[in-house]
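Database features, via TrEMBL:
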| type | residues | note |
| --- | --- | --- |
| TRANSMEM | A:7-28 | transmembrane segment |
| TRANSMEM | A:65-91 | transmembrane segment |
| DOMAIN | A:66-255 | domain 'ABC transmembrane type-1' |
| TRANSMEM | A:103-125 | transmembrane segment |
| TRANSMEM | A:131-151 | transmembrane segment |
| TRANSMEM | A:176-198 | transmembrane segment |
| TRANSMEM | A:234-255 | transmembrane segment |
Amino acid sequence: MNRLISLLAQAGLWLAAFISVFPFLWMITGATNTANDITGGRFLPGTNLLPNIAKFFELVDAGQVFFNSFFVAITGTALTLIVSSLAGYGFEIFASKTRDRVFAGLLLLLSVPFAAMMIPLFVMFSSAGLINSYIAMIAPGIASIFMIFYFRQNTKSFPHELRDAAKLDGLKEWQIFWFIYIPVMRSTYAAAMIILFMTNWNAYLWPLIVLQTNDMKTITLTVASLATAYTPDYGLIMIANVLATLPTILVFFLLQRRFVEGMLGGVK
Amino acid sequence: MKMTAFKGVMAVAGIQLITATMALATDITVWCWAPEFNGAAMNEAIARYTAANPDTKITVVDFAKGDLEQKLQTQLASGTTEGLPDIVLIEDYGAQKYLLSFPGAFEPLTDKIDYSQFAKYKVDLATVDGQTYSLPFDSGVTGLFYRSDLLEQAGYKADDLKDITWEQLSAIGDKVKEATGKPLLSIDINDAGAMRIMLQSAGSWYFNADGTPNIKDNPVFKAALTTWVGMLKNQNLYKSVSGWGEYTGAFNNGDVAGVFTGVWMTGGIKGNNMAGKWAVAPIPKLDGVEGAGHASNLGGSSWYVLSSAPSKDAAIDFLQKVWASDVDFYQKILVGQGAFGAYLPAREGEAYSASDDYFGGQSVWKDFSDWQAAIPGVNYGIFTNEADAAVAAQLPGLVAGGDIDAAIEAIDAQIAQQIQ
C-alpha cells in the first residue's frame with residue numbers, strides 16, 4: 001500500500017517536472033529546427049542549428065548586446081546588494097522610535113505599481129540629461145524596497161552577540177559590517193544575488209522606455225524585436241532565447257546550494 | 001588662476017568644437033519595427049540618400065511593434081521631447097489615434113509632399129483637418145493567395161477565382177477539401193482581420209467620419225458579419241489555428257491551400273520551396289452590398305516626422321528626395337523585401353511589371369497595383385483595436401448559432417462603452 005502511494009507520488013512529481021521543463025526542451029529543440037518545422041509541431045531535434053546561429057550573429061551585434069546586458073545586470077546587482085543590505089542592516093540593528101515608521105512608509109511604497117511611476121521617472125531622468133545611459137537603466141532599482149525588507153528580515157537571525165564581541169574588540173561599525181556581517185550572511189547574499197541578477201537581466205519595460213539607440217539595447221529588447229517580423233523566423237527566435245536564458249541558468253546553478261540556504265533564512 | 005583661465009579656454013574651444021560638428025553633420029534617427037522588412041527598406045533609402053549627402057548620418061533603431069508604440073506613447077505623454085526620433089513608423093490603423101491625441105507632436109507635410117502621387121486611401125487616413133502628416137509607406141492591398149496546384153486538383157483554374165463572392169469561395173473550399181483532403185484556409189477566430197478586409201472592400205468601417213460608431217445601422221457591417229460567420233460555420237473551409245505562428249505556419253507548411261491577406265505576406269510565401277505552385281487572385285466580394293468591390297486593405301504603415309525633431313528639415317528632405325521621388329528605390333525594396341509602396345509612379349518601373357515564376361509567371365505586382373488603386377478610402381478612427389475585440393468576443397457565440405442582430409447590439413454596446 002505504501003509502495004503504491006509512493007509510486008503515485010513519484011508519477012505525479014515526474015509529471016510536474018515534465019510540465020516545468022517542457023518549455024525549455026521545446027526552446028532547445030526549436031533552436032535546431034526551421035521556422036516551418038516549429039510551427040508544424042516538430043519536437044525532434046533538427047539540423048538547422050548552425051544556420052540559426054549564423055543568422056542570429058548576422059542580424060544582431062551580439063558582442064555589444066551581451067556586454068550591455070552583463071554590464072547592467074552585474075553593476076545593478078552589486079550596487080543593489082550593497083545599498084539594500086546596508087539599509088536592511090541599519091533598520092534591524094539600530095533601534096529608534098522613528099525607525100519603524102520610516103520602514104512602514106517604505107513598505108507602503110511597495111504597493112505603487114511601476115507603471116504609475118514610469119512617466120514621472122522618465123521626466124526626471126530626461127531633465128537630468130541621463131536618457132539612454134547605463135545610469136538610467138541601473139539607478140531606479142538600486143534602493144530596492146523589497147531587498148531592504150528581505151535583508152532586514154534575515155538580519156533578525158544575525159546573532160547580536162557577534163556584533164557586541166566585535167565592538168569589545170574595537171571594530172568600527174563599517175568593519176563589523178564588512179568583516180563579520182557579510183561573511184556570516186553569505187547565503188542571504190547569494191539568494192539575493194540570484195534574484196537581483198535575474199530581475200536585472202530580464203528587465204524589460206524600463207530599459208525599453210529609457211533606451212534610444214541600438215548600441216544600448218539589452219538582449220531582452222533584442223529578442224522582442226526579432227519576434228515581430230511579419231513572418232517570424234521561430235528558429236532564430238529560439239536560438240536567441242537560448243542565448244538569453246543561459247546566463248541566468250548558469251548563475252542559478254552556481255549559487256543553487258546557497259540559494260536554498262538563503263531562502264530558508266540560514267545563518268552559518 | 002592660471003588653471004581657471006586654461007579651463008575657460010578649453011570650455012570655449014569645446015563649445016566651438018561642438019557647434020562646428022553640428023554644422024557639419026546632421027543626425028537623423030528613425031524608429032521602426034520588423035528590421036528585415038521596414039528596417040531593410042529604410043536602410044536602402046538611407047544608402048541612397050547618404051550617397052548624395054555624405055554629411056547626413058541616419059540611424060535606424062528597431063523595436064518590437066508594441067514596444068515602439070509604448071515608447072512613443074510614454075514619451076509624448078511625458079511632454080519631454082528629448083530622445084524622440086526624427087522619423088517614426090506608425091501603423092495606419094493607429095495613425096488617427098496619435099494625430100488626435102497628441103496635437104502638434106507631428107509635423108504636417110501637406111506643403112512638402114505631392115500627395116497626388118500616393119494611393120489616396122493612404123493619404124486620407126493620415127489627414128486631420130485638411131493637413132496630411134505622413135509619408136505613406138507600405139500598402140496592405142489584399143489578395144487571395146492560393147496553391148494553384150491544389151486548386152487545379154479540385155478542378156479550378158485562375159479565372160474561376162476571379163469575380164467571385166465570399167459564399168462562392170466557401171463552396172470552393174468544400175470542393176478543395178474533398179479533392180485534396182486539405183482545407184482552403186487557416187483561420188484564427190480571434191483575429192478580426194477578415195472583418196476589416198470586408199468592411200473596407202465596401203468603403204465602410206467600424207466608425208463614421210466623425211468618429212462615432214458605425215455598427216448598428218450599418219448594412220455593410222451586418223453583411224460582413226453574416227458572411228464571415230457563414231464562412232466560420234463551414235468546417236470544411238478552414239483549419240482552426242491559434243496565434244500568428246500557427247496561422248502563417250499552416251500555409252507555409254502546405255497544410256492549407258491558401259490565405260487572403262495583405263500584400264506584405266508575399267515575402268513570407270515566397271520563402272517556401274514551392275515555386276510555381278502559388279498564384280494570387282483578387283479577394284472575393286460581399287454579395288448584395290452596394291459599392292462592394294474586390295479591393296481592400298489589411299495593415300500597412302507610414303512614416304511620420306516629429307515636430308520636435310532637431311533634424312526635422314533634414315528628415316523631411318530625406319523623405320522628399322528618396323521616399324517621394326525615387327522610382328528605382330521602390331523597385332529595389334519590392335524585389336528585396338517584398339515591400340509594396342503606396343507611391344504610384346513606382347508602378348511604371350521594371351520590377352512592378354515583371355512576371356514572377358514563383359507565382360507561375362503571373363505579374364503579381366502589376367495586379368496588386370491595379371487593386372491598390374481601387375481601394376476605397378475610409379476613416380480608421382481611433383478605436384479600431386477596441387472594435388476588433390468587441391467583434392471577436394461575439395464570434396464564438398454566433399458560430400454556435402447565436403442571433404446576428406443581438407450580437408450586433410452587443411458589439412455596438414461594447415464599443416460605445418469603451419470609447420466614452
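From the backbone N, Cα and C atoms, a Cβ is placed for every residue, glycine too.
Under the criterion of 3 or more C-beta pairs below 8 Å, with sequence separation of 6 or more, the transmembrane segment (A:234-255) and the transmembrane segment (A:7-28) qualify as touching. Sequence-distant residue pairs (6 or more apart) of the transmembrane segment (A:176-198) and the transmembrane segment (A:7-28) include fewer than 3 whose Cβ atoms are under 8 Å, leaving the two stretches without contact.
In terms of C-beta pairs under 8 Å, the stretch of A:7-28, A:65-91, A:131-151 lying closest in packing to the transmembrane segment (A:103-125) is A:131-151. The list of residues near the transmembrane segment (A:7-28) in space but at least 6 beyond its ends in sequence, with Cβ under 8 angstroms from a Cβ of it, reads 43, 238, 241-242, 245.
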